[in-house]
Amino acid sequence: MAENKITGKVHFLQCLKQTIAYLTYLNRRIKHDRLTIAAGSMAYVTLLSLVPMITVVLAALSAFPVFAGLGELLQNFVIENFVPAAGEVVKTYLNEFVANAGKMTAVGIGALFVVAMMLMSSIDHALNYIWRVHEKRRPVISFSIYWMVLTLGPILVGSSIAVSSYLGSLNLLNSEAVNGLFQQTLRALPVIMSSSAFLGLYLLVPNLKVKFSHALLGALVASSLFELSKKGFALYISNFPSYQVIYGALAVIPILFVWVYLCWCIVLLGAEITASLGERKQWQLSSGEPITSKDCDVKVMAKNEQEKSSEAENNKGTK
């Protein structure tokens, strides 16, 4: 009984020591990578690339007749679930910008595509820097990955929304039990999509093999923080409308920038968590030698105690 208690305490201390070592290493890593500065840079690039990205996405959807009319549905879904405040204003401005972009010539549309590619390249560079990857992919491979994300990404999202809408129209969903389950699934869809997006980002973008369990944990942490920040940010904007008071009709600009900056902080934090989980040896050594299995052996501990007591008795006898 006493041995079990000692074993439990040792394991608890071991887990506590490992957790403290990991959090210390993670904090040091975040400071070294200047996460907040990198997030600000990515937010700036994102705002510059936002309209070109949406234009390319809508163009990819319109190229397939089966997805006709899904562009606006997808845009509404993204704004309602991923932009917590000033969603209608953002939607109005984006529609105007995209409509103006649609009037451009082929050269202008090509320039928009290049700008959208620059955003993908910035994401690639930021995440590979976090993973300490110095070897770059060949340009052909990078272009293929960016093209796949820009084309297949919206198609897959549009397909999921189309399937959800189709299932919602079936007579099979008339029963209360099935309908309730379907409604719960729809409510969880933004969380599932954000988790899947983070997981794919942490698995595919770094130019090295990332453990699925590490990427999954980082994605779950990032998606949880994303949902909490979405609700918290919306609550702050609605209860403390300082931006509207100061900027008036232009308040949507700083609101959108702050939100995009916060999103990139979460994305990069999830990447730091995922990358640091794969550096176990480094964060173990950063806090000294880890507790080994020998330290957890109760018999060894008891033997050490006996040796100490016998040495104390021998010293007394010598005196």
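Each residue, glycine too, has its Cβ placed from N, Cα and C.
Swiss-Prot lists 50-70 (among others) with the feature transmembrane segment.
Per Swiss-Prot, the feature transmembrane segment maps to 107-127 (among others); the stated evidence is sequence analysis.
What Swiss-Prot lists as transmembrane segment is 143-163 (among others), and the listing cites sequence analysis.
Per Swiss-Prot, transmembrane segment is recorded for 188-208 (among others).
Taken from Swiss-Prot, the feature transmembrane segment covers 215-235 (among others).
Among the features that Swiss-Prot reports, transmembrane segment is placed at 249-269 (among others), with the record citing sequence analysis.
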If we skip the immediate neighbours and take only residues 6+ beyond the ends of the transmembrane segment (215-235), which ones have a Cβ under 8 Å from one of its Cβ atoms? 82, 84-85, 190-191, 194-196, 198-199, 201-203, 258-259, 262-263, 266-267, 269-271, 273-274, 277
Can you tell me which parts of the same chain pack against the transmembrane segment (188-208), counting only residues 6+ beyond its ends and a CB-CB cutoff under 8 A? 81-82, 123-124, 127-128, 130-131, 133, 135-137, 145, 157, 160, 164, 214-216, 218-220, 222-223, 226-227, 267, 270-271, 274-275
